[in-house]
Amino acid sequence: MTKDFEPFVYPPANLIAGVDEVGRGPLVGAVVTAAVILDPNNPIVGLTDSKKLSEKKRNVLFDEIKEKAVAWSLGRCEPEEIDELNILQATMVAMQRAVADLSVQPDFVLIDGNKIPQLPMAAQAVVKGDLRVAEISAASIIAKVTRDREMEVLDAQFPQYGFAKHKGYPTKVHVEALELHGAIEQHRKSFKPVKRILGIE
């Protein structure tokens, strides 16, 4: 049974950005975050948590969000930064970068989850925000489509790992490929399965 959450009550603010991340769990590639300010006069139908949408639907909404949003941006932390900072801190930094990169600065930021990075404006964490807040849903779609496409590019370079299929997550196929072929530069050296393969303990 999934727990039902109360409908989200928006804070009194003029320009609200939603922020979400994709890629905290994978063993390879960047953690990608997005920030989106939606236009209330140009609504987008069908926004929800990106994980609940088909790839085809995500791609359609990805283009629609970019076209209709007041502003959208991406922020990221690469594997080297993740290894240096740890994944939670790297995610916070990536979120800060996404917000800072918006062409229009929001006066309030809603962030998926339960942790908030330090930001120059008011912010609020929203549990299950990708389901409850349209701005966060939009950010989750932008971040996921962006990262998935990066994994497809990496897959073309290193087809032996199956990145296009598992998107870098630690599936049995991925871990077996790591054991067989070793790690590539884009693998996160601080993540346990990669550390084990590299003999770093």
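Here the Cβ of each residue, glycine as well, is placed from N, Cα and C on the backbone.
Of the residues proposed, ASP112, ASP148, ASP155, the one Swiss-Prot records at the same divalent metal cation site as ASP20, GLU21 is ASP112.
Excluding ASP20, GLU21, ASP112 themselves, the residues of that chain whose CB lies within 8 A of the CB mean position for the divalent metal cation site are, in sequence, VAL19, VAL22, THR33, ALA34, MET95, ILE111, GLY113, GLY129, ASP130, ILE136, ALA139, SER140, ALA143. Least crowded of the binding-site residues (ASP20, ASP112), judged by neighbouring Cβ atoms within 10 Å of its own Cβ: ASP112.
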